Amino acid sequence: MVICLLLCTPTDIFVVASPEVNETQEYVPVNVYHDTDVTRKKIVTAQFECYQKIMKDNDHNKIGPVCNRTWDGWLCWDDTEAGFTSEQYCPDYFQDFDPSELVTKICSDNGHWFLHPESNRTWTNYTRCNEHTNEGRMTAMNLFYLALIGHGLSLTSLLISLGIFFYFKSLSCQRITLHKNLFFSFVLNSVITIIWLTAVANNQELVQRNPTSCKVSQFIHLYLFGCNYFWMLCEGIYLHTLIVVAVFAEKQHLMWYYLLGWGFPLIPASIHAIARSYYYNDNCWISSNTSLLYIIHGPICAALLVNLFFLLNIVRVLITKLKVTHQAESSLYMKAVRATLILVPLLGIQYVLLPYKPEGRVSSEIYDYIMHILMHYQGLLVATIFCFFNGEVQGVLRRHWNQYRIQFGSTFAHSDAMRSASYTASSITEVQGCYSIDSHTEHLNGKGAPLDIETSILKSENPFT
C-alpha cells in the first residue's frame, strides 16, 4: 500500500478516492507535459461545478425509471432515461486523451447505471479517449522530425544568405542591412527552437523537474518568435517611408528600426512571462492550452495587419507613378516590394488558420501537418524570397561566376600553352641530338621555331587556342 501511494501522482490519488472511478481502466494516462497540479485543479473544478449543478437542477417529471445525475470521477452526467446511452466528449485532462472522441455511459433498463461485470461497480467507457494513443505518438514523432528538418533547412539557407550579404560589399545598403537583421532573428529563432525541441520538449524528466532554465528558454523562444515578425514590419515600414513618405529618399535612421525589431518584442514576452507565472504556471510553460498566448500572438497579428496595409499602399503609389511617369526607378522599387508583399501573407496565414482547427481526428492531423510546415519552414521561405530569388543577388553571383570562369579558363589556357611549347622544344632537341644537324639548321629548327610558336600562342586573343 505504501509503495502504491509513493508511485501515484496527486492526480491519480484524487481519482482513486472518487467513488465511481472505473476500476477496469488498466492504463491511467500520465500527463508529462502539463503540471500535475494544473491537471488536478481542472478535475477538482469540474467536480465542484458538477455537485453545484446536481444540487441546483430541478428534478424532471420522471416517467419510468431514470438513472440519476452523477459524478464519475472525471465527468458529470445528467439524468438519463432507462435503456439509453449518454455521450459526451473526452476531457482534456491528459495529453494522450483525444477531446474529439466520445465517452459513453449506459443507463440500464432498470434505471441504474451500468455495472462492470468484473468489478460490479458503476463504469464509464473511457477506452476510446486513448484508443489512438499509439497513432498519436507516431504523428507527434513525425511532427517533431518535420520541425527539426524545417529548422535545419532554414538555418542552412539563412547562413548561406548572410554569407552572401556580408561577402559581396556591392550589396551593402540600408535595405540589405534590414535583411541581415531579419535573417539573423530567424537564425536565432531556429537555434533556440532546435534546442527547445531536443533538450526540453523531448525530455520528460526535465519537464517533470520543471527547472527555471526551461522557463527562461521558453521566454527567449517567444521573444525571438516575436522578433521575426517585427523585423518583417521594419521591412514594410522602411519601404513605405522610402517610397510613399520620403519620395525615394535614400538614407533613413536605422536606430528606430533596431528598437522596434529587437526591443519591442521584449514587452509582450515579459508580460506573458509574468502572467504565466501567476495564472497558468504549468511545467516549463509548455502547454498551449491557455489564452495567455494571445499576449504574444496579438501584437504579431497587429504587426502583420499594419505591414499588409503599408505594402498595399506602396503598391498603389507605385502603380500611380508608373502610369503617370513610366519611371524605371518605380519599376525597380516594385520588384523590391513584390517580395515582401508575397512573404507577409505567407508568414501570417497560420494566424488566419489558427482559430479554425477541425474537430475530427484525421482532419485535425492534416491541420497539424500544415501548421508545422507554415511555422517551421519560415526561415527557408524568407531566405529563398529575399536572397536566392533577389535579382540583385542573382546579378552579383552571375558576374562573379563569369569572372571566375574567365580567370580559371585563362590560367588553364596559359599553363596548357606553356606545356605545349616545352614539349615541342624538348622533342626538337632530341631530334637534334640523334641526327647531328648543323648549327644553321639547329638555329632554325631548335630555337627559332619553338619561340615563335610559344609567342604566337601566348599572344592569341582566344585563351583556349
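Positions of Cβ are set from backbone N, Cα and C atoms, glycine also.
Model, not experiment: these values are computed from the prediction.
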Bond partner of CYS67 - disulfide, per Swiss-Prot - picked from CYS50, CYS90, CYS107: CYS107
Cross-link partner of CYS76 (disulfide, per Swiss-Prot) out of CYS50, CYS90: CYS50
Membrane topology agreement for GLY136 and TRP285 per Swiss-Prot: yes
Second cysteine of the disulfide that Swiss-Prot assigns to CYS90, among CYS8, CYS129: CYS129
CB contact flag for the transmembrane segment (212-240) and the transmembrane segment (142-166), at least three pairs under 8 A: no
Nearest-integer angstrom distance between the alpha carbons (Cα) of CYS76 (disulfide bond) and ASN289 (N-linked glycosylation site): 22
Chain-internal residues near CYS50 (disulfide bond), provided their CB is under 8 angstroms and they sit 6+ positions away: TRP71, LEU75, CYS76
Tally of residues which DSSP labels helix, strand or coil - the topological domain 'Extracellular' (201-211): 7 helix, 0 strand, 4 coil
Nearest recorded site to ASN68 (N-linked glycosylation site) by CA-CA distance, among recorded positions CYS107, ASN120, ASN289: CYS107
